[in-house]
Amino acid sequence: MFSAEAEQRNRAFLRAAFDGNLTLLKTFGKSHAGFKDPNGRTALHLAAAAGKTEICGYLIDQLKLDMDERDDDLGDTPLILAIVENHNSTAAFLIEHGAEIMKSNYKAFTPLHYAAEEGNKEILQLLISKGAEIDSNSESGTPLQCAALSGKGEAVKILLDNKANPNSVTQLYFPPLMLSIIARSFNCLDLLLKAGADPNLGSCGKTPLIAAACEGETEIINCLLKSGADPNARDNCGVTPLEHAAMRGEHAAVKVLFPITSRISSFPDWSFTGIMKHICSAKAGKQRDCRRREVFQMSKSKGEDAFKRKDYLDAIHWYTEANLADPADATIYSNRSLCWALLNQGSHALSDAEMCVKLRPMWAKAHYREGAAWLLLNDYPNASQSFSEALKFDPANKEIQKAHREAVEAEFGIPVSENMRILRI
């Protein structure tokens with residue numbers, strides 16, 4: 001524990017690094033080099049994030065700070081922070097001075113992922129020239145997937161020119177072509193198709209054509225069809241691209257798809273007017289609801305089976321399929337949050353837990369899942385608050401009591417007896 005005076009000097013040391021005040025920084029010497037801010041960031045993290053290249057050089061050469069140290073927040077390195085903040089000269093300096101270019105953060109994002117996401121051509125090319133792995137995977141896919149989702153056409157081209165896989169797909173994430181459609185980037189879509197992207201490769205029960213039909217993107221629909229997309233491919237609920245477009249009132253998309261879609265027997269009048277009339281009918285709605293219930297039960301069951309096998313990725317896949325069939329079922333969010341937590345993916349676990357709480361605010365398990373996710377993210381105050389909310393709805397639950405006690409102990413750094421209450425002002 002530092003004295004108040006020492007604490008003040010340490011903060012001044014970090015502030016000098018962030019502000020680029022080399023003269024002041026030199027007055028501190030090496031005795032402050034190991035000090036970090038509350039997020040576990042060193043002076044080098046702060047200097048890199050602020051684009052203070054000269055300060056970075058001093059901290060590395062004179063104070064011997066570690067270029068590849070991760071912070072305590074997302075596990076970002078100084079190089080990652082320089083790239084995220086678009087400080088190219090600082091990022092290039094760190095790379096040329098030997099920063100580890102494949103050092104990822106806790107989301108498995110490497111510097112190349114962030115350069116791709118930002119569309120940073122200069123740093124992308126530098127990283128690739130230094131041997132960065134083109135198809136390195138993260139919880140959000142490869143650098144190409146990041147670039148496609150951000151609609152960064154030039155980054156997509158650079159990655160494809162350097163042999164990035166245009167059909168990279170994970171069990172839980174859309175392939176690049178699908179992501180370019182989500183981003184509504186015709187440029188990225190065109191580049192990917194020319195590089196050999198499969199126009200029928202989808203994920204989570206959707207094909208690229210279904211995604212485009214849902215958005216009514218006729219230019220993208222025509223491009224996909226010319227590249228060989230199947231207009232009759234159905235999602236997991238048996239719905240075609242044409243039906244998706246009709247359900248969303250995308251008349252222009254329906255008119256493009258109608259001449260090339262095989263007749264659907266459940267439609268009594270196979271014409272544009274007949275399709276639009278039938279799709280809105282009670283009978284068609286009941287048929288879709290029945291099919292969705294079947295898909296939901298099947299997917300949920302497969303998710304539960306995968307969970308019992310401790311195959312949490314497969315369980316997440318099937319819970320995602322169930323969620324697509326019924327987005328309002330809180331149990332699915334709860335189950336998927338638990339799977340993410342068991343894979344140590346705190347941010348995903350929290351996102352699902354928060355949706356669970358939103359759908360069932362008086363369910364103790366929803367708040368418990370949220371607390372567990374906050375714990376994974378080392379946010380003890382929020383974890384304690386979530387567990388406290390859970391106890392309101394299930395005060396006798398020993399597991400929740402124990403989790404709450406541990407969160408409070410972690411927050412305050414003191415042991416808490418079972419009968420002690422922490423009062424928050």
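Glycine residues also receive a Cβ, built from the backbone N, Cα and C atoms like all the rest.
Since the structure is predicted, the reported quantities are computational estimates derived from the model, not experimental observations.
If you check TrEMBL, you get these features:
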DOMAIN    298-368  domain 'Serine/threonine-protein kinase BSK1-like TPR repeats'
REPEAT    39-61  repeat 'ANK'
REPEAT    74-106  repeat 'ANK'
REPEAT    107-139  repeat 'ANK'
REPEAT    139-171  repeat 'ANK'
REPEAT    204-236  repeat 'ANK'
REPEAT    364-397  repeat 'TPR'
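Under DSSP, the residues of the repeat 'ANK' (39-61) split into helix, strand and coil as follows: 16 helix, 0 strand, 7 coil.
Sequence-distant contacts of the repeat 'ANK' (139-171), counting only residues of its own chain at least 6 positions beyond either end whose CB sits under 8 Å from a CB of the stretch, comprise 107-110, 112-121, 124-125, 128, 177, 179-180, 182-185, 187-188, 191-192, 195-198, 201, 203, 313-314, 316-317, 345, 348. Under DSSP, the residues of the repeat 'ANK' (204-236) split into helix, strand and coil as follows: 17 helix, 1 strand, 15 coil.
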